[in-house]
Amino acid sequence: MAKIIIPIILCFVGIVSAQLSTDFYSTTCSDVLSTIKREIDSAVGNEARMGASILRLHFHDCFVQGCDASVLLDDTSSFTGEKTAGANANSLRGFDVIDTIKTELESLCPNTVSCADILSVAARDSVVALGGPSWTVQLGRRDSITASLSLANSDLPGPGSDLSGLITSFDNKGFTPKEMVALSGSHTIGQASCRFFRTRIYDDDNIDSSFATSLQANCPTTGGDDNLSPLDTTTPNTFDNSYFQNLQSQKGLFSSDQALFNGGSTDFDVDEYSSDSSSFATDFANAMVKMGNLNPITGFNGQIRTNCRVIN
């Protein structure tokens with residue numbers, strides 16, 4: 001009997017592990033990757049900031065219920081999505097780019113490619129478009145029919161988080177402190193609104209004084225909440241390791257950025273990534289693969305939305 005049971009168990013495990021795969025759409029939508037890449041290259045070419053916006057959209061999706069495209073759902077009279085969460089409201093962007101990709105893929109391969117997979121691939125292609133590393137995206141996610149405003153408010157770390165809070169937030173999703181530091185390196189691209197770093201530039205003492213002064217010119221104590229500043233002032237539109245070098249000079253834009261290099265347990269990791277760009281690129285790519293595998297919906301669960309903003 002044992003000889004019969006063991007092969008059955010192994011076969012079952014194989015099916016589960018194969019639900020996400022690199023060739024998931026090879027026979028059903030062979031142009032999926034080239035289509036997403038073309039649209040992302042175009043969007044980032046038109047506005048470099050969009051690359052960071054798409055990457056952030058993916059992160060804010062995966063950290064809430066897993067990588068299930070729940071972040072893309074609009075509020076309706078009978079449904080509350082995640083877009084009004086504190087970390088998302090008037091901040092997340094790039095939805096229109098995902099819509100454009102989805103529309104094109106629905107024309108090519110109707111009812112086939114999930115919004116969750118589109119967002120996962122788009123995040124990778126956005127990093128590559130700005131000079132960063134690439135990684136292999138496993139495919140086969142399906143889209144959620146739920147969203148969670150409460151989890152979006154509780155699970156996403158904020159710009160005022162301290163090191164302990166950051167470590168806990170990422171540990172709750174299965175990431176080590178070093179993986180958290182690597183993923184924080186995504187702040188080598190993108191821009192942030194004054195309201196997210198005002199406290200940092202006026203109240204924190206672990207900040208370069210000239211850096212703080214330069215930021216205060218565009219971020220007054222009152223007003224100007226939506227005025228933008230780059231997260232990485234050195235190379236704001238290039239995905240590289242300057243973010244970590246900035247932290248060594250106390251030039252992190254968010255308090256949560258500088259918390260990574262402030263006499264704590266992650267100083268060593270910042271030093272490593274600051275001096276070794278290839279180590280950062282490798283660790284970031286590996287951590288992104290891990291993030292993309294957070295609690296995907298697979299098999300016959302969930303659905304393939306035809307419009308990423310609404311449940312079918």
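Every residue, even glycine, has its Cβ placed from backbone N, Cα and C.
The model shown is predicted, which means the values in this text are computed figures rather than measured ones.
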Next item on the list: Look at the disulfide annotations in TrEMBL and name the partner of Cys308 from this list: Cys115, Cys194, Cys219.
Entry: Cys115
Item checked: Cys62: disulphide-linked cysteine among Cys29, Cys67 [source: TrEMBL] -> Cys67
Notebook entry, point to check: Disulfide partner of Cys29 per TrEMBL: which of Cys109, Cys194?
Noted result: Cys109
Notebook entry, point to check: Given the recorded Ca(2+) 1 site (Asp61, Val64, Gly66, Asp68, Ser70, Glu82), which additional residues of the same chain have their Cβ within 8 Å of the Cβ centre, ordered by sequence?
Noted result: His60, Cys62, Phe63, Gln65, Cys67, Ala69, Val71, Ser144, Ala147, Ser148, Ala152
Check: How far is it from Thr235 (Ca(2+) 2 binding site) to Gly66 (Ca(2+) 1 binding site), counting Cα to Cα, in Å?
Finding: 31
Margin query: I want to check the contact list for Asp68 (Ca(2+) 1 binding site): same chain, sequence separation of six or more, C-beta distance under 8 angstroms. What comes out?
Written below: Asp61, Ala116, Arg141, Arg142, Asp143, Ser144, Asn295, Pro296, Ile297, Gly302
Notebook entry, point to check: How many Å separate the Cα atoms of Pro157 (substrate binding site) and Gly66 (Ca(2+) 1 binding site)?
Noted result: 15
